[in-house]
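These notes concern the structure reproduced below.
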Amino acid sequence: MFGKLTLSAVPYHEPIVMVTLAVVALLGLGVVGAITYYRKWTYLWTEWLTSVDHKKIGVMYIVVALVMLVRGFADAIMMRGQLALAEGANHGYLPPEHYDQIFTAHGVIMIIFMAMPFMTGLMNLAVPLQIGARDVAFPFLNSLSFWLLVVSAMLVNVSLGLGEFARTGWVAYPPLSELAYSPGVGVDYYIWALQISGMGTLLTGINFLVTVFKMRTPGMKLMQMPIFTWTCTFANILIVASFPILTAALGLLSLDRYLDMHFFTNELGGNAMMYINLFWAWGHPEVYILILPAFGIFSEVTATFAGKRMFGYKSMVWASAAITFLGFTVWLHHFFTMGSGGDVNGFFGVATMLISIPTGVKLFNWLFTIYKGRLRFSTPILWTLGFMVTFTIGGMTGVLLAIPGADFLLHNSLFLIAHFHNTIIGGAVFGYLAGFAFWFPKAFGFTLDEKWGKRSFWCWLVGFYMAFMPLYILGFMGMTRRLNHYDNPLWKPYLVVAFFGAVLIFCGIACQLIQLFVSVRNRKQLADVNGDPWEGRTLEWATSSPPPFYNFAELPKVQDVDAFHDMKKAGTAYRKLPAYQPIHMPKNTAAGFSIAVFAFVFGFAAIWHIWWLMAVGFVGMIGSFIVRSYNQDVDYYVQPEEIEKIESARFQQLAKQV
């Protein structure tokens, strides 16, 4: 009746896992108890969990990202600790099978369940406001996308206490991910978590492309959109083009595992190299899906804190377009050693090097924007300056790896690991943390505490260099990745330094949590009264902080890129309208939540081969969608009286500051 699920699926013999489960259970009970004690369940359900407001969905995305950052970093510091100890006769504290699961979970969580939701959350928060829209094109799909992410993240975490996670590495190459070598449920957890979250991401990409192309405010031409909106648009083009490839690759792997087919097994006509091609045809665009919005954040932050118009706006747009196109032409550099031949390797090596040109254009444009600007050294600009140095190093090592001959020497070594983290942490993560500090007051109405923000930045920056620069050296010394034990005593000092670097990054994360606590405690002193704490230049700063649920009482008229800056110069930024018109808005819905719950049931049942429960989940998903499709009560009009009340309260608040 319960398929492969038995009591033996609970890892009683793993003390680390059981202690972790106990801690998580206690924290969960504490949260549930607090919500119950303060009687907030109704508020959470009506205002947040069923909301289709893009701003609230953005906040929830970021909450999930921060939770998964803690989970993914816990895996990282455990690996660093293991490698600092496991030399010679000392085998460390993690058994190999547990280490391999942590190794896989870290990559999957940090890329799919931390970086992606962080990026999507910031995109939800800022893009509709930046283009003067009242919401996204498909508010219900936005809610559904979020809840699909949540349930897929839950599947990854459920694997901690029921069964196991994949031991394949985050790429899950065959034949290791095939049934013969991974007969347990770990790879199935991997497949269904990525399939469900990938569907949500694809819906997000479609949603935001339609939003940007069809819902810009009157007068805003494409070449008048903020750079962040542009980079998110290019990222969404990559999402729509690449995520179906991942869906297909994992679908074929599922057929191999569930129906004994042979797409990726060498016997009976299969080819493991086809999976590797398909995976990286998605995987390399995924890197640019993560980095392009971060580039947009750095552009917004640089222009704002330098007090200048962005240098080379058009070249920034075209550079983003070039990166988007070239990002689809370089996937083979992930497996130069697979035997494609010198001509093929040479083509992809040159294409990889070419990406450094538009990236360099962006870097010089940021520097020229800062040049002769009156730079204010708040936390967002510190993350930006840290990125410029760190990402440049990562880019140079990437150009080195683009040379096939050098890659043959360094492939699969820790040099590659250092390069990847150099670009993703130094680029994407630093960008998201800059955006988090930058747009936090817009979401919550008060700024983050600067003192703790700067402490976090310095811990992250110094910790990053301590954690990953030694890995470049270890790569040259011949240390390969995926090791849980080694015999070379010369490697140990570098791995110990890397461990202490990870500890410093932990201090940075702790400082961010303290920063949140201190900021909430001191929110009255840190209040953003006029909605423009940074002297912003784009339309999101024209609203109150947080913005009203309809965003704009009247859609703004735009003539140029820095629309809000122009309004302030013209004296029209804070103009109260004599009368208001009704505003068309979507109603909240629980349909996204219910469809995602059934998707979780479907995925869990598929993992454990509980076929009747899988049918329940499938019928529930389809049924919920049909019910939603026939529901005509999905929108309403905000009446002028309500708008007048909200806007009058805002202008009274502004008048007190004059």
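Using the three backbone atoms N, Cα and C, a Cβ is placed for every residue, glycine included.
Per Swiss-Prot, the feature ubiquinone binding site maps to Arg71, Asp75, His98. What Swiss-Prot records for His106, Trp170, His421, Arg481, Arg482 is heme b binding site. Taken from Swiss-Prot, the feature Cu(2+) binding site covers His284, His333, His334. If you look up Swiss-Prot, you'll see Tyr288, His411, His419 marked as Fe(II)-heme o binding site. Residues or ranges marked as topological domain 'Periplasmic' by Swiss-Prot on the basis of sequence analysis: 1-14, 157-189, 254-277, 337-346, 402-423, 478-493, 616-658 (among others). What Swiss-Prot records for 36-56, 123-135, 211-232, 368-380, 445-456 (among others) is topological domain 'Cytoplasmic', and it gives sequence analysis as the kind of evidence. Feature annotation from Swiss-Prot assigns transmembrane segment to 15-35, 57-77, 136-156, 190-210, 233-253, 278-298, 316-336, 347-367, 381-401, 424-444, 457-477, 595-615 (among others).
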For Arg481 (heme b binding site), the one of Tyr288, His334, His411, His419 that lies nearest, given that the binding-site residues are compared by Cα: His411
Neighbour tally for Trp170 (heme b binding site), based on other Cβ positions within 10 Å of its Cβ: 18
Euclidean distance between Cα atoms of Trp170 (heme b binding site) and His284 (Cu(2+) binding site), Å: 14
Trp170 (heme b binding site) versus His419 (Fe(II)-heme o binding site) - Cα distance in angstrom: 17
Which listed residue (Arg71, His334, His419, His421) has most other Cβ within 10 Å, given these are binding-site residues: His419
Distal contacts, the topological domain 'Periplasmic' (1-14) - CB-CB under 8 A, six or more residues away: 98, 161-164, 185, 605, 608-612
Tally of residues which DSSP labels helix, strand or coil - the topological domain 'Periplasmic' (254-277): 15 helix, 0 strand, 9 coil
Segment-segment contact (the transmembrane segment (424-444); the transmembrane segment (278-298)) at 3 or more Cβ pairs under 8 Å: yes
For the topological domain 'Cytoplasmic' (123-135), distant same-chain residues with Cβ under 8 A (at least six beyond the ends): 52-55, 57-59, 61-62, 142, 208, 211-212, 215-218, 220, 225-226, 228-229, 232, 235, 293, 435, 439, 442-443, 538-540, 543, 547, 550-552, 555-556, 558, 563, 583-586
Segment-segment contact (the transmembrane segment (595-615); the transmembrane segment (278-298)) at 3 or more Cβ pairs under 8 Å: no
Which of His98, His106, His284, His333, Arg482, all binding-site residues, has a Cβ with the fewest other Cβ atoms inside 10 Å: Arg482
Stretch-level contact, the transmembrane segment (316-336) and the transmembrane segment (233-253), CB cutoff 8 A, at least 3 pairs: yes
Same chain, 6+ residues apart, C-beta under 8 Å of the C-beta of His411 (Fe(II)-heme o binding site), given in sequence order: Phe336, Thr337
Nonlocal residues around Asp75 (ubiquinone binding site), in sequence order (Cβ under 8 Å, 6 or more apart): Ile102, Phe103, Ala105, His106, Ile109
